[in-house]
Each structure stands twice: as structure tokens, then as C-alpha cells.
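Student: Right, I'll just put the structure down here and ask away after.
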């Protein structure tokens, strides 16, 4: 997922570039047919012996290709730990042929994904200086193992120092793999306990054949700053007196600073950051076998989003098997917001994370000649600039008249197109460029190079002053730090939004966490900074924040299922910021945030540790959901590897009955009744009363309206009947359903849309 790179000149270009290693096979008639990597998915493994599983894969390939030699040369990965399958070089006709094998669930082409931070955890109530709370109850995540699938790691970073850590947990079965500029004995320690890299589905293990730049490392070491930032945000150690070029000065740490980190490099520097699905699945398979306690993946595909078990959505496949084995999987909600239907990683068994701002900002003061001071969004770090002010329409108009002046211009283009202003700036020797563009929460630090971004409102204010002033002037000062209540919390404009167009009954995203201007470890070479720490933004940054919290929750509640952990996060999340102020949603226009912006709300880790009740979900519940979603019974059988052919009940269950900690009804016409089940994880003898805030024009009836728990009754169900008073198609309206015993508030969001005319978009 997207990250904002701190240097003004470095713009990410996000695109789906499918770079395939190409070979050719001779087919009938002497023609050549291209081979490329395909993933053959076989579902749950039949053997606990990994070698037997791999042998079965080779036998299947041998029967297809005709020889052991061809099978051995064709296979790329054998998935043999968490589930069964393999990746191999096949022609399209060979892929079609093997797909007809009775043991094969699906054959899919190798597809490609994209990559999507000091005050963060204090803002969420996890100050290490406070002796009480989840952070200390969980012993800072001691011995929890966080698996990070990303672009690698910069192992020398102080965020991965192992000072004060005990021996590596005995349950750890993973490894550190040597490679270019990566010595496992030197670079791994009691903090960074695992480091693997995966490239076989993309290219051979040498740079000559790979087409990657010399700056990339053929090892777990990363060349561009993403994976290091993600890993240190989730579980980085304490590091004092750090900053990004003077911003965010303080002590930095991850969410679970005493957790162990295992890195799986699956993304590579090509034309863009390329992450191949065959490698991602292999990394997830290894992570399951290695013994990680959770997996965080800040990776996703460009729109359109894909179904839970779509042939191109292999992350969901791998996540299903991890969750079935008790390993929670977190993934980024994507950076294609703020439009509707842009959220990614929408499978109900994944924890999908949105991004918010913090109560911290580094605005740059712009003082006009009339003594009006505006605060620009770009954090400028450099000497004060004073000069005459002029306006131009485009870079082409930035003539020699701009020499020595501060130039104002407006743009509707992308960040990439703004690079043209940088080039012209130096050609004509202007002092600075102020670019007015649509509001954007991606921060780029302008360090010594005066490229200042403002929104249209501030741009118009500057233009009005300029247009009525004979000799307009401006002063640009170095950025200042703003912290606390005065800085509003917002869902970032880039954060992927619901509703979920593929599975509309599943609310996504699930929760939100800070993902804007996050300071964490980075790669000093590419960041142009000796400190090795950087500000980045994106759902890639918010996801490891929540991963750190899940690590703490796992330490306190090792017996909770992934669904219970997810429920605790959602039902205790807040729709206000830590100061009690409303959370806004940033976009073309600003509004109050709703469940399609942030799911249950902003995570509240201390409350999540004691949620009172949880909505649990079993593997069988997910199978019933797949039945309700009209998946083929053979697919469900293979995915879960049941001993007998899986049969969906008749009639098929309702998708509304999946025991999610939310209720989303996208097509309400007649009354519907659904069921939810809660498990008491609080005081044994508890009485919970109901509070309902119905969506506008919607009636909610709940039976019973009181839940009584005791030593014999720990699990209770309730029914919810939903009806509409609307007479025509409506938009989505939102509400909430809360159970409270006086000390706990267990809240789930409600999202309801009336559809009197189906398939008619008003």
C-alpha cells in the first residue's frame, strides 16, 4: 500500500505491472506457447509431513509434463505447511489441463500486488510511562512473534536492537536466510529472529536476469523504505532522541516493543514495487509453519476489489488457512479513497485497517505582506524565505520573470504531474513554489527545498492578496509542531472506503488507526537522511499499528481466536478522538466519519483488552458464509479439507447470520431477522442491557433485550428484526447496537440501505 516518502522529489507511481519470467514450449504444429507462473491450489494439506506433500506436488507435475526432470525444473514453490499447493511454470493449456485434476481446487495465474508511525501509541492511550494498562499488562508483547510480509528490512536500524530481550521462544521454527549484504549471523538477533526472501516466481536469483536495479538487494535487506517502517511500527524496540530531519523528535517504539519480528520479503523494486502472489502465498505458508503469532500484510491489489476466494485474490486464501490455525491476519484497507467502494482486502476473516490522522501536525507558516499568516500542510524544514510573490498558470509560464521570487500556482493534477514544477523551479531560479491542490493527507517533508503544498482555500486567499496588491510579498518560515486537542482527528482522504461491493453484507474496513505522518525506522540510503527514521503515510502505516495492538492482546489473551480479537477491537473502538471530539472524514468535502470510513471506529487498545463480550466465529461459520455466498461445495471441501464431501445446508444460510461484530443490510425491502451470538469474557455474573440507535427511517427490534450470564451460561444469542419506513430506494443510513453492563459498552455498527427497486442505482 502507498506510503508517503519524506523527500519532496520522490513520488510513488502506483500501477499494476505484471512482469513475468517468460519461457516457451513447443506445442502441436510446431508453434511456441508461452509459459508463465501459475498457482495450483489444493486446499488443506493431507499430510503433516512436508516432504510427502512436496512429493505429491512433483508427482502431479510429472504426470502432466512427462518427466521428473521437467517437473523439477517447472516447480517454483511448494506450499506444504499451512495448506497444500504449488507454483509452477506452465503454459495456459497445461494450466487448463491440470485444473481438471480431481484434487485441484483452482489454478490461477501469478498476479501482482502493491505496497500500500513517536506519538502514535501515546495518542491511543498506550504510554510506556503509565504503569497500568494493556502495554504493561502484556509485558509490552514479550515473546509474541509478529510476521511481516513486505519489502524486506534494514537490519542495522536501532529499532531492531535486542537489548533486554531473553532467549528466542522455543516454539520458533523459522530461519534467517543469507543473501546479498545480509549475513544471518550478524544481522539477525533476539529481536529480528526471522528474515526470508521470495523471488522465484519473478526472476532468477541474479541481477543480470532479473531486470531489477543495482540498488535492490537479492536478500531480505530492502532498498526502498516500506518494510522497515512497517516492521518497526508493529514491534520496534525503544530508540531515544530520533526524528525525521527534526520532525517528530522523541523516543520511538513499536506497538509491542518487546515482541519478536520475522520478516518475509515478497516485494521487489522493479518498475514499481512488485509483489507476486505466488511468493506471497509461499511466505504465508512458511510463516504459519515458522510459528508466528500474527501476520501483518500492508499489500493489496488495485481496484476493482476481488471476492474472498477469487482466482486473483490469493491473500484471502492464505489468510483463511492462517486464521483456521488460530493466527490472525491484518491487512491494509488500501489507498484508493476517498471514493465509495474503494476498500481492499475484504474477506471477513481478515482484519482490515483504515487510516486516520494523529493529534499532531507540522504546518509551515506563510506570512503575507498584509501580516496574514496561513498554515501550509507541507512541513518545510529550512531557512526562512522572504521574497516577492507572483502567480503562474502552469510550469510552462514559469519564465525568467520568476527568478528570485516565490511562485504560486494551482493544479488539479496528480503528485507526479507536480514534479514538473520542481524542474522549472530550478531552471528559472525561483526561490520557492507554492502549489495549491486538492486537500491531501499525504505529507511530504520539504527539507531545504522549498516546495510548499496548500489546499485550494489557502491558495485562493494567497491569490486574492496577490491580485489586489501592487508589490505582494511573502515569508516562508520553518515548520512548527502542533499537538493535542486543537488538531482534529480525521480519516485520511486516501484511506479506502466502504461499502464492500463484493460482499456487501460484510462491513469493511473493520477499524481505523493512525496512518498519517507516522515516524518509524527507514532505510537511510534511500531516504537521504543519516538518522534512518522517516515520516510516512498510508494504510500501510495504520495496519502495523493495529498489528502491534493485536500482539499485546494475544499476550494477555492467548486463548482468544482471531475472530474474538477482531471483535474486541471493533466493539470497543471509538467514534470520537481521545479528547472526545468527533472524528471527521476527509475527502472532496469534509463530513463526520461513518462506518464506511472507519468501521467500528478508532481503536481503543486498553478497552479492547477488556471488551466484556465478544462475537466469535469458527471455521465452520466461515464455511457456512461461503455456502451463503454461493461458492461451489467442491471448492469449500478442498479449502477446508473435510473428511467427507462438504454439503451446504438446505436452504442455504443467510449471509446476514455470519456472527460479525457489525450488521450491514444492503438490500432492505421487507422485514429481515438475523441472529448474533456473544460470549462473555468479563465478570462471570453479568447482566447486559440493550441500547439501540437505529439508522434514519429504520426500525430495530431485539429479542431478548437483556442478557444474563453466570457460571453456567457463558454464550447467549439474540435476534434482530430490521424493517424500513422508507417508500423508495435510500442511501445507507447508520446506527449502532450496544450491550452494556454499566462498565462495559459492547457496540456494533449498523448500516442499512432500503432497496425497493433492486439493481436500480438512484
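Positions of Cβ are set from backbone N, Cα and C atoms, glycine also.
For 150, 226, 540, the entry in Swiss-Prot reads active site, charge relay system, with the evidence type sequence analysis. Among the features that Swiss-Prot reports, domain 'Inhibitor I9' is placed at 37-115. Taken from Swiss-Prot, the feature domain 'Peptidase S8' covers 120-609. Here Swiss-Prot flags 206, 241, 371 as N-linked glycosylation site. The signal peptide annotation in Swiss-Prot covers 1-16 and rests on sequence analysis.
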Student: In the domain 'Inhibitor I9' (37-115), how many residues does DSSP put in helix, strand and coil?
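Tutor: Secondary-structure composition of the domain 'Inhibitor I9' (37-115): 31 helix, 28 strand, 20 coil.
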Student: In the three-state scheme derived from DSSP, which category covers residue 241 (N-linked glycosylation site)?
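Tutor: In three-state terms, residue 241 (N-linked glycosylation site) counts as strand.
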Student: For the domain 'Peptidase S8' (120-609), would you mind checking the mean pLDDT of the predicted model?
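Tutor: Mean per-residue confidence for the domain 'Peptidase S8' (120-609): 86 out of 100.
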Student: If one measures from the C-alpha of residue 540 (active site, charge relay system) to the C-alpha of residue 371 (N-linked glycosylation site), what distance in angstrom results, rounded to a whole number?
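Tutor: Cα-Cα distance, residue 540 (active site, charge relay system) to residue 371 (N-linked glycosylation site): 40 Å.
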Student: In Å, rounded, how far does the Cα of residue 226 (active site, charge relay system) sit from the Cα of residue 150 (active site, charge relay system)?
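Tutor: The Cα atom of residue 226 (active site, charge relay system) is 7 Å away from the Cα atom of residue 150 (active site, charge relay system).
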Student: Report the member of 241, 371, 540 (the recorded positions) whose C-beta atom has the most other C-beta atoms within 10 angstroms.
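Tutor: Within the set of recorded positions, the most crowded position is 540.
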Student: How many other Cβ atoms are found within 10 Å of the Cβ atom of residue 226 (active site, charge relay system), counting all protein chains shown?
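Tutor: Result for residue 226 (active site, charge relay system): 30 other Cβ atoms within 10 Å.
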Student: What number of additional C-beta atoms lies within 10 angstroms of the C-beta atom of residue 150 (active site, charge relay system)?
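Tutor: A count of 29.
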Student: How many whole Å apart are the CA atoms of residue 241 (N-linked glycosylation site) and residue 150 (active site, charge relay system)?
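Tutor: About 27 Å separate the Cα atoms of these two residues.
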Student: What does the structure give for the C-alpha distance between residue 150 (active site, charge relay system) and residue 371 (N-linked glycosylation site)? Integer Å is fine.
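Tutor: About 48 Å separates the two Cα atoms.
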